[in-house]
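Trainee: Take this structure, written in structure tokens, and hold onto it; I'll ask about it next.
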Amino acid sequence: MFLSCLLIHVENTKVLEGCKSQTSVHSLQRLCSHCCCALKAIFYLFFLNDLFLYYIWSAFLLKMLMPQPPTITHQSPKDYIIDPRENIIIHCEAKGKPPPSFSWTRNGTHFDIDEDPNVTLKPHSGTLVVDISRAKAEHYECVYQCTARNKHGTAVSNNIVVQQSRSPLWSKEKVKALVVQEGVSLVLPCRPPAGLPPPIIFWMDNNFRRLPQSSRVSQSLNGDLYFSNVLREDSRNDYICYARFPYTQTIQQKQPITVRVLNQPADERKPTFLIPSGPTSSKMVLRGQVLEMECIAEGLLTPDVSWTKVSGDLPAKRTSFLHYQKTLRIVDASESDAGDYRCTARNRLGSVHHTIHVTVKAAPYWIGGAPRNLVLAPGESGVLTCRASGTPKPSVSWAMNGIPIENSPKDLSRKVEDDTIIFTDVQTGSSAVYQCNVSNDYGYLLSNAFVNVLSETPRVLTPANKVYQVIKNHQALLDCASFGSPIPKITWFKDSRSSTLDGDPYILHDNGTLEIHVAQARNSGKYTCVARNILGINENHIYLEVKDPTRILKQPEYKVVQMGRSVVFECKVKHDPSLIPTMTWLKDDGELPDDERLIVDSDSLTITDVTENDAGVYTCVMNTTLDHDSASAELTVVERPDPPTDLELTDQKKRGVQLTWIPGDEHNSPIQKFLIQYQDSLHHRGHWHNLTEVPGTRTTAHLKLSPHVHYTFRVLALNAVDFSRPSFPSRGFKTEPAAPDENPTGVQGFGTEHDNLVISWKPLSGLQSNGPGLHYRVMWRQKVVDSDWTTVTVANNSKFVVSGTPTFVPYELKVQAVNDYGAGPEPAVAHGYSGEDLPVAAPDHVQVMLINSTLAEVHWDPVPSKLIRGHLKGYKVYYWRKHSLHKHNPDLVENQILTFSGNHTHRKLPGLHPFSVYSLNVRVYNGKGEGPPSPDLQFNTPEGVPGAPTSLVVTNPNLDSLTLEWSPPHDRNGRITGYTLKYQPVNNSNELGPVEELALPANETSVTLPNLKYSTRYKFYLNAKTVRGAGVAISQEAVTVIDEGNLWRLWPPPPLPTVLTPSQPVSAFRNISSLSGEDGTLISWEYWGPEQNVYVKYRVQNSEEEWQEKLVNGTQNVMLKGLKGGLSYSVRLVAKDHHDQPLHLSKELVVSVPAVASRQVDIATQGWFIGLMCAIEHIHHHTAMLCLPPFNYLFECFLEYRDNEDHKPLKGSRTPSNGTVKRDDSDDSLVDYGEGGDGQFNEDGSFIGQYSGKSASRETAEGHESSEAPSPINTMNSLNSFV
């Protein structure tokens, strides 16, 4: 069965026509002689990997090699109309193996072609060719039937009825003129001669113009011309009916018909039908043909025609109305179209109905298709089915090899049951062609189907090792086309052949194709299809590759761009890496224009210098050999609008006009508004001013105008881009002068001297003047005196000065605009004052109320208004500190002024010094200045809390005691009543111990603390007290003398702690120090991190150069060489991970490399040198056990060194509230407190310094500079690094 379908498909496919034309279908020898062509074709097709063509060619070879009964492949139609001027060709083509021979019957009897010299048979074909040059065509108008036979059977064609086309002439007749009354109906008959096929009818005039048709005048299906009612304009003498015969392409015409319409109008009447007649009629149509029904009515007025189906609805998709609703047309008629149809004609006088009963008959037609060829193996069974229908029901008859089956040789394996033949256990030699004839009153069907009994081993037609590529989640179809008899059974295996593929996700189709409905990556691999029957087995290997789909990850987006700019559409795609992608851009579903402005990159499209023509929809299409994906975005090109045009002034009035215009092109951006501007050529020629705005939807504006202006208007349009260029100006429009409509604004009165009044105002503009001769009428009078108005006229000015006025008197003011055409409206009254003078009185009853030691409140009585002699601005309090009440503080006069705006009678004085004597006075001031002061008032401020002690020094450190000395506070703020001392130990982990507190009398400035722990650092807090409480504390730290027995574990000294704020990260690098020498600069540190990739980075401070980097790994110091003297360097340490990414970064250390000394310093007199020598001498006498000298011995070498700022408290120190203070680790080291700043050793060996900040910053802040040589601190740190 599969082979038969494949062979039929080959015959209808024009593949490799060259090779096929070389192959003779008459002899096997000629086939073999041309097998080289076939082999070349197979190789070419396989090379191109074209599976479809390969199948076709494989089937073609099988067809050429396998036995096959005849099959009719082409024949002429049953009703065959020929052109009598051309040769008659009656087609009959057939295939078979061996190739069939052909014969013909004519009118039911054998047609001996050799006997007729005018008839020939085409080579290798059964087609008849009749040469009519020597014979008449009508002699061959007969019924023909073709027979094709070979040794396996006989096939026959349909009965072919040959008729020549005819276009007979119109019979001559004398046509009389038709004279009719206006308004009556009229029918012009056509009655063309009968032709084959029937002619096409149309009506025209003498000039070959079609006559107009309408609902009143129309052509019927038979060609007649119907008038529902005639009009006088229907009178003419050239109504001509034409008939066109399509086969001969000839046109014939009837004699012209003359119609004359009399000017005698008929009465109006309701409709009646011209055709069809009577209330009902019937019509029969064959299934599949076109059903046409018409109803033409007459009446006055012209009736309208409508259609309905009485027994149902009209089939909407197959129904149409022609000839102005007079014809109902239903195509492809079916049994459902049977029933009653009603046409209705109506006008305003009434209506009429006609019912058409439609019956549908059917010539025979196949149900499920014509019988199919049957290929069977010996012993197999099969069925030929000839199933058809029709109305009336058709009869079925069978023939074998062209002979009625009842007259054919008996065959026990064959059984005929009506429209079916059943074959059971067929044997070799049973091949034949069976004819099925189905007929009824309206036609017949004739079909040939062969039964071919073959015995063949399986063959797989799919090319070997074929590679299928599919996209993930798509359907995969693996073909296994095969041939064999019996039909082979197909089984599939994957990879190891462990089991057949017959369950989910695999679907095996009847034709051998293996389907994977949703392919996944795991489905990739090697597949084997096996074809087997009882005669043998054949297999083929196929490979499946499942690829990732192509997807657009970032789609192009909608763009709005201004003309002349650039736009970029992005299209980022992901695809299977094994597939070659091709990106294509389309515009409006077509190719991109060939324009160098369009730049296509791998994942974008750029359009430069955008024009209006670039607007449209852009689509990026990513194609691979297997799939594609696409995405689109629209580009809208915008530009500022074109200027409006055609400005027109209408509806002109004294103070108004209507302006209209036509908007310009919006350029894809809607106009938001129109701006109307004007030019006043009388007052401001050349200057355009904004007048008004209107919404973008309006093109008219009613403009309110001012008098005495020569207007010219223009309009600008605004869209989202910008304003358009201005339109061309309108024609000029002048308004008549008039009196002013308004008066000046901003009228005010004030004095510049104590005896004058200046009246000023904002003058009117030229547009506001309303006419020529503009001037101002200025009026004033005192407000408190019932006096008349004084009036002056002022022109070309905006102020007027009234002299000789009383000081600071209120006035009423008015300014009125006047021109040559009259005065403006009555002006409003404004108010002002004449000039001010200095106040003549001071505030009375000044008192002071003390709130606390630093704040007092001053009270006073206000100065009377008449004595202020001006606008009250406020009061000023002058106060000054005369001296402190403490005998130790000198007198100090500090003049201060507090100004209080407004009318106040009390105010506070902040920021006073406690325990001091103050004096003050109060003054009133106006716009002219201050008045006299009030009498000085003296007051004393009470005591307050004291300031911090001036200094705190640690002296005489011993193993278990030390002495503290201090100086009283500079700001005592009262009488000192005593001191409070708090102290607490600090351990090696920088934690603060319990607090001890000691009260001290006011007359003491030192104290010795006994019973302290040896070798312990202490922190001290000292504050002074008055009767008002304790003041701010000063803090200091010191270390008791170190026990020599414990020196080995205390040297080098632990790093000084710094209290870290929460925002400071704890670094893995500690105690970073530097020491510069002749060989270079030694950098030392401690590192607590796990990473071993440690680098030192350095560069000149504050420079932009690259950091120099040196790998030091696990060491704790490095010598930097080549640093330039006299420069400062920034140094930092960094620890990196194995990816070379920094994990720990130290604080930046600034290293100053010493330059050549500019002056000589006696090094022998330098304390640090003496100390260093002492240390070296002592080290020289010790073994490698690193036993170092006692600490107090070193301190003796440093006696000359004291902290320049040892009276300063520690920065960041704080008094604990719970007795202990937790301190974080510090990155600082002794080097931070070196050279000339804090961080020096005291004479008693205690260390005094600050825990936060570098020495450089302290020196800058405090202004201390050292002329001494470098201190020993750096030297000691360098020793630390080596120890």
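The backbone N, Cα and C atoms fix where each Cβ goes, glycine too.
Below are the features listed in TrEMBL for this protein:
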TRANSMEM  37-57  transmembrane segment
DOMAIN    70-157  domain 'Ig-like'
DOMAIN    168-258  domain 'Ig-like'
DOMAIN    271-359  domain 'Ig-like'
DOMAIN    364-452  domain 'Ig-like'
DOMAIN    458-533  domain 'Ig-like'
DOMAIN    549-636  domain 'Ig-like'
DOMAIN    643-738  domain 'Fibronectin type-III'
DOMAIN    740-837  domain 'Fibronectin type-III'
DOMAIN    842-944  domain 'Fibronectin type-III'
DOMAIN    948-1045  domain 'Fibronectin type-III'
DOMAIN    1065-1156  domain 'Fibronectin type-III'
REGION    1206-1283  region 'Disordered'
COMPBIAS  1256-1267  compositional bias 'Basic and acidic residues'
COMPBIAS  1268-1283  compositional bias 'Polar residues'
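What's the neighbourhood like for these features in this structure?
Mentor: Helix, strand and coil counts from DSSP across the domain 'Ig-like' (271-359) read 6 helix, 54 strand, 29 coil.
Mean model confidence of the domain 'Ig-like' (364-452) amounts to 92 (pLDDT, 0 to 100 scale).
Residue counts for the domain 'Fibronectin type-III' (948-1045) under DSSP, split into helix (H, G, I), strand (E, B) and coil, are 2 helix, 53 strand, 43 coil.
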Trainee: Run the contact check on the domain 'Ig-like' (364-452) against the domain 'Ig-like' (70-157): 3 or more C-beta pairs under 8 Å, excluding pairs closer than 6 in sequence.
Mentor: yes
Trainee: Could you tell me how many residues in the domain 'Ig-like' (458-533) are helical, how many are strand and how many are coil under DSSP?
Mentor: 3 helix, 37 strand, 36 coil
Trainee: Please list the DSSP helix, strand and coil residue counts for the domain 'Fibronectin type-III' (643-738).
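Mentor: Output for the domain 'Fibronectin type-III' (643-738) reads 0 helix, 49 strand, 47 coil.
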